[in-house]
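In TrEMBL this protein carries:
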{"type": "BINDING", "residues": "A:C87, A:C91, A:H177", "note": "Cu cation binding site"}
{"type": "DISULFID", "residues": "A:C87-A:C91", "note": "disulfide bond"}
{"type": "DOMAIN", "residues": "A:48-213", "note": "domain 'Thioredoxin'"}
{"type": "SIGNAL", "residues": "A:1-21", "note": "signal peptide"}
Amino acid sequence: MRKKTFAAAALLAAATLTLSACGSGDSADTSVAAVSEENGKQQAATVLDQPFTKPDLVLTDTQGTSYDLRKETEGHPTLIYFGYTNCPDVCPLTMSNIAVAKKQLSKADQDELRVVFVTTDPDRDTPAALGKWLKGIDPQVVGLTGKFATIQAAARTVGISVEPPHKDKNGKMVSTHGTQVIAFSPKTDGGYLLYGEDATVDDYTKDLPKIMKGQNP
Amino acid sequence: MRRPAAATAVVIAGAFVLAGCGSDGKAELSVESPYIPQPVSDTMAAGFLTVVNKGGAKDELTSVTSAVAGSVTLHETVGSSMEEVTSLAVPAHGQLVFKSGGNHLMFEKLKRKPVQGETVDVELHFAESGPLKVEIPVESAVYSPKTGH
């Protein structure tokens, strides 16, 4: 009787050890990641001390007509994003987040806001292809295409680095998208806020009314 | 006298099951929090999920198949461009995470556009373990697993 109790206790101890060894490995990584995500989630926008000048960019819109970015968006709150339509993940998510947040604004504010999507893959993103894709997100979004070199140079002036589309070793096209959305103030026309790709629809919904007035969120 | 004997038997059985968990060097895979954001394009979509490995051996995700897509490929994000890869490691006692801005499944040549509220059946194939069937729910285009909506 006494012996059996001891054996049971020993087995129980062994079982406890095995359990903890089994369980500890997979939780370590995730808890660290969760903590850092929580910390970064306070404020989606980065406010720039030195706002970007709006790029001097003339490209072709989805109707096939010439679009002068500075002229068309002057005095309007403006969001600019560089991406491409053959992008399954970040580009449609970013544009959909903005589109859904925009719909929470008054009709007048929606008409006042300019959302500009500049393609980084102009060979595939023709005016027609861009128009079709943007219609699925928000027909008010301005889609621009043109020469890649022109787009790349304009992107560089607002701190966005994009590489020319190229074929990978399997012969598939690889394009790059910008990692940030830039918000321009209607008061100064300066690009004063940056949003990373982890900005959610809630972040944009919260911040857009401020951007409409050129205020910091 | 009877009760302690029964208790001992239960503990022994428990110990055998537990020992199987960590020490015999096999991957034990399951899938958590899968979703597909409703795509904008009617030809391509992204999918996200986490493969959890509770076992003591690593494995590799080597391919994904689905009846809704002509091809499903594995991509990892390098800087701001995505690169197709032929396999992704699932570490022992670890996980392989697909999330927006990082690794993603790319569904191409879609036979129909997945719509929010539907589910998409996929099968994950591994180097060592048997295939895993997953029903992936289609969420809104702006779904974020962090907020759950």
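Glycine too: its Cβ is placed from the backbone N, Cα and C atoms.
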Mean pLDDT for the domain 'Thioredoxin' (A:48-213), rounded to an integer?
95
Would you mind checking how many other C-beta atoms are within 10 angstroms of the C-beta on A:H177 (Cu cation binding site)?
23
If you skip the near sequence neighbours and keep only those at least six away, which residues in the chain come within under 8 angstroms of A:C91 (Cu cation binding site), Cβ to Cβ?
A:Y81, A:G83, A:Y84, A:T85, A:H177
Reduce the DSSP letter at A:C87 (Cu cation binding site) to three states and note it down.
coil
Counting every protein chain present, what is the number of Cβ atoms, excluding its own, within 10 Å of the Cβ of A:C87 (Cu cation binding site)?
25
Other than A:C87, A:C91, A:H177, which residues of the same chain sit close to Cu cation? List them in sequence order, counting a residue when its Cβ is within 8 Å of the Cβ centroid of the site.
A:G83, A:Y84, A:T85, A:N86, A:D89, A:V90, A:P92, A:T94, A:T120, A:S175
